[in-house]
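Undergrad: Next up is a structure, given as structure tokens.
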Amino acid sequence: MMSYSERLGGPAVSPLPVRGRHMVHGAAFAYVPSPQVLHRIPGTTTYAISSLSPVALTEHSCPYGEVLECHDPLPAKLAQEEEQKPEPRLSQKLAQVGTKLLKVPLMLGFLYLFVCSLDVLSSAFQLAGGKVAGDIFKDNAILSNPVAGLVVGILVTVLVQSSSTSTSIIVSMVSSGLLEVSSAIPIIMGSNIGTSVTNTIVALMQAGDRTDFRRAFAGATVHDCFNWLSVLVLLPLEAATGYLHHVTGLVVASFNIRGGRDAPDLLKVITEPFTKLIIQLDKSVITSIAVGDESLRNHSLIRIWCQPETKEASTSMSRVEAIGSLANTTMEKCNHIFVDTGLPDLAVGLILLAGSLVVLCTCLILLVKMLNSLLKGQVANVIQKVINTDFPAPFTWVTGYFAMVVGASMTFVVQSSSVFTSAITPLIGLGVISIERAYPLTLGSNIGTTTTAILAALASPREKLSSSFQIALCHFFFNISGILLWYPLPCTRLPIRMAKALGKRTAKYRWFAVLYLLVCFLLLPSLVFGISMAGWQAMVGVGTPFGALLAFVVLVNVLQSRSPGHLPKWLQTWDFLPRWMHSLQPLDGLITRATLCYARPEPRSPQLPPRVFLEELPPATPSPRLALPAHHNATRL
């Protein structure tokens with residue numbers, strides 16, 4: 001009896017990968033049939049297998065035209081291929097176009113709320129920990145220690161959620177003479193690290209999809225990796241040679257610098273009318289506490305009385321007349337939600353923190369869903385090609401530097417690197433922007449945020465203008481030096497490889513992202529700060545063995561992956577150590593059991609195979625039953 005494929009004249013091999021809960025052992029087809037169709041075809045047998053995700057199979061020359069395919073029961077894509085849908089009517093087409101056009105203003109509205117929620121989030125952190133940040137800055141004996149100064153910069157920037165605020169405080173302390181330029185440089189480095197926590201938090205909102213989360217977390221942590229690597233090289237160099245102090249001193253001495261105005265409000269012109277209705281802060285309280293003015297110790301950060309908006313005085317008005325006019329100006333009550341509540345700063349800060357996080361998460365989720373629906377098919381391909389395509393040869397190398405200029409310009413417009421990097425993080429998660437393109441954009445954002453400190457320094461008194469401008473330039477040259485270290489040559493772009501490794505780890509163990517945030521921005525800085533307070537002897541005694549152990553582990557890992565033959569047999573893997581010392585699997589089991597204790601028990605289902613990730617698949621070995629490499633029999637969850 002002739003089989004179905006023989007009656008058709010032979011099998012037609014389909015190059016498409018198939019998804020699976022059924023195993024097809026029989027002839028291949030020109031299209032992908034469903035299980036119901038296969039059951040009606042004589043000579044074709046299906047076997048149920050446990051599989052939850054696609055397994056891409058390459059074509060193999062099998063005898064009798066037999067191939068192996070796996071697919072889901074009645075997936076939507078296969079159903080569309082089996083039955084041809086009628087052409088949509090004109091009214092349906094118009095409805096689809098109208099829906100897409102309506103999504104654009106909605107998306108812009110959610111983006112506006114997203115940026116406003118970041119501003120309110122910064123205000124919430126300042127209310128909750130602003131005075132603590134001022135107290136930390138006040139102790140000059142601590143700040144004279146470079147390592148302690150670095151940690152102070154990290155913690156203060158995490159507390160106030162704004163590197164612009166922390167660097168402006170540092171510039172104010174330098175201009176008032178309370179802090180030397182050499183002592184302020186490590187704090188500037190720490191503020192650069194602390195500002196990257198915002199977009200890492202934003203990346204957590206895409207944890208629902210492992211692939212999107214892997215890309216988004218890698219795109220967010222590439223900023224962290226760049227800052228940490230730059231500090232590991234430049235902080236010891238600065239402590240030993242004073243490189244940044246001397247270079248910026250020469251630059252300041254060679255220019256005739258005059259005072260200017262504060263940073264221009266570009267994006268705030270749009271966001272402030274809304275955020276001022278929620279909360280208004282008197283940020284001079286934090287700066288006054290930092291410079292040692294105890295008169296404002298018990299003063300609330302919440303602004304109660306505001307000066308009415310008036311037209312700017314003419315430039316011909318004398319200084320005495322201007323001061324007199326300000327003295328005679330009547331103050332009026334501010335117009336925001338918390339002006340008459342009488343709540344303490346901490347309570348208002350916690351309320352705003354919870355509310356801004358809810359709005360932030362909601363806007364981000366809706367933005368991602370709308371971008372997913374808009375960026376489909378040819379539209380997504382065009383955008384990806386435009387953003388990720390390099391310039392034609394021989395100007396390919398210019399593409400990254402052009403992206404830096406774009407990132408710096410956009411950050412100058414929004415006056416916040418956190419806003420810019422948080423805005424591109426969802427696009428990285430969706431795959432619209434590649435990590436290789438996001439890296440120079442982030443570096444440009446690092447440069448763009450230094451303009452805030454430079455413009456704040458230009459507003460300093462004339463007698464302290466040079467020192468204030470010098471510390472602002474230290475911020476600029478620190479980022480330029482980091483770019484020269486970790487960007488020009490492809491082999492030096494370690495932050496990209498480190499970020500991708502972190503992304504893969506968090507895609508496998510999603511709780512690792514929260515652990516990363518706690519360790520890198522809270523526990524590790526606090527531990528280093530405590531050790532540094534015990535003196536340089538304790539710092540050297542603890543830091544030297546730890547640094548040597550870390551260097552040894554990194555070296556062995558590199559040799560294990562590239563040339564294991566150069567290592568002793570027992571050191572070619574970490575299996576000689578207890579499992580918890582070289583794998584997160586035991587901790588993952590504990591966390592899984594702890595979370596399942598609070599979950600409602602579900603009906604028991606057949607046991608699924610363990611999660612296997614592509615990068616952890618064993619070397620290909622022949623399968624005795626199918627005569628195919630083992631990779632093609634694995635199921636990736």
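Positions of Cβ are set from backbone N, Cα and C atoms, glycine also.
In case it's useful when we look at the structure, here is the feature table from Swiss-Prot:
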- 1-103: topological domain 'Cytoplasmic' (TOPO_DOM)
- Ser14: phosphoserine (MOD_RES)
- Ser34: phosphoserine (MOD_RES)
- 104-125: transmembrane segment (TRANSMEM)
- 126-145: topological domain 'Extracellular' (TOPO_DOM)
- 146-163: transmembrane segment (TRANSMEM)
- 164-216: topological domain 'Cytoplasmic' (TOPO_DOM)
- 217-236: transmembrane segment (TRANSMEM)
- Cys225-Cys520: disulfide bond (DISULFID)
- 237-345: topological domain 'Extracellular' (TOPO_DOM)
- Cys306-Cys334: disulfide bond (DISULFID)
- 346-368: transmembrane segment (TRANSMEM)
- 369-410: topological domain 'Cytoplasmic' (TOPO_DOM)
- 411-434: transmembrane segment (TRANSMEM)
- 435-464: topological domain 'Extracellular' (TOPO_DOM)
- 465-485: transmembrane segment (TRANSMEM)
- 486-511: topological domain 'Cytoplasmic' (TOPO_DOM)
- Thr506: phosphothreonine (MOD_RES)
- 512-532: transmembrane segment (TRANSMEM)
- 533-537: topological domain 'Extracellular' (TOPO_DOM)
- 538-559: transmembrane segment (TRANSMEM)
- 560-637: topological domain 'Cytoplasmic' (TOPO_DOM)
- Ser605: phosphoserine (MOD_RES)
- Thr621: phosphothreonine (MOD_RES)
- Ser623: phosphoserine (MOD_RES)
Undergrad: Mind checking which residues of the chain, 6+ beyond the ends of the transmembrane segment (146-163), have their Cβ under 8 Å from one of its Cβ atoms?
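TA: For the transmembrane segment (146-163), the nonlocal Cβ contacts are 121-122, 125-126, 128-130, 132-133, 136-137, 169, 183-195, 197-198, 231, 235, 238-239, 286, 416-418, 449, 521-522, 525-526, 528-529, 532-533, 539.
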Undergrad: Given a Cβ distance threshold of under 8 angstroms, which distant residues of the chain, six or more beyond its ends, lie next to the topological domain 'Cytoplasmic' (369-410)?
TA: 100, 103-104, 106-107, 110, 420, 426-427, 430-434, 436-437, 439-445, 447-448, 483, 487
Undergrad: Cys306 (disulfide bond) has how many other Cβ neighbours within 10 Å of its own Cβ?
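TA: Neighbour count, Cβ to Cβ under the 10 Å cut-off: 16.
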Undergrad: Relative to the transmembrane segment (512-532), which of 411-434, 465-485, 538-559 accounts for the most Cβ pairs at distances under 8 Å?
TA: 538-559
Undergrad: Nearest to Cys334 (disulfide bond) by Cα, among Cys225, Thr506, Cys520 (recorded positions)?
TA: Cys520
Undergrad: Across all the protein chains here, work out how many other Cβ atoms are within 10 Å of the Cβ of Cys334 (disulfide bond).
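TA: 18, counting other Cβ atoms within 10 Å of Cys334 (disulfide bond).
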Undergrad: Summarise the topological domain 'Cytoplasmic' (164-216) by DSSP state, stating how many residues are helix, strand and coil.
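TA: Its residues divide into 43 helix, 0 strand, 10 coil.
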Undergrad: Would you kindly give the Cα-Cα distance separating Thr506 (phosphothreonine) and Cys520 (disulfide bond), rounded to the nearest Å?
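TA: The separation of the Cα atoms works out to 15 Å.
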Undergrad: Within its own chain, what residues at least 6 apart in sequence put their Cβ under 8 Å from the Cβ of Cys225 (disulfide bond), listed in sequence order?
TA: Leu494, Pro495, Met498, Ala499, Leu502
Undergrad: List, by number or range, the same-chain residues at least 6 past the transmembrane segment (104-125) whose CB is under 8 A from its CB atoms?
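TA: Residues packing against the transmembrane segment (104-125) from afar: 159-162, 165, 198, 267, 270-271, 274-275, 278-279, 281, 349-353, 355-357, 359-360, 363-364, 366-367, 370-371, 374, 414, 416, 418-419, 422-423.
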Undergrad: If H, G and I count as helix, E and B as strand, and all else as coil, what does DSSP give for Cys306 (disulfide bond)?
TA: strand
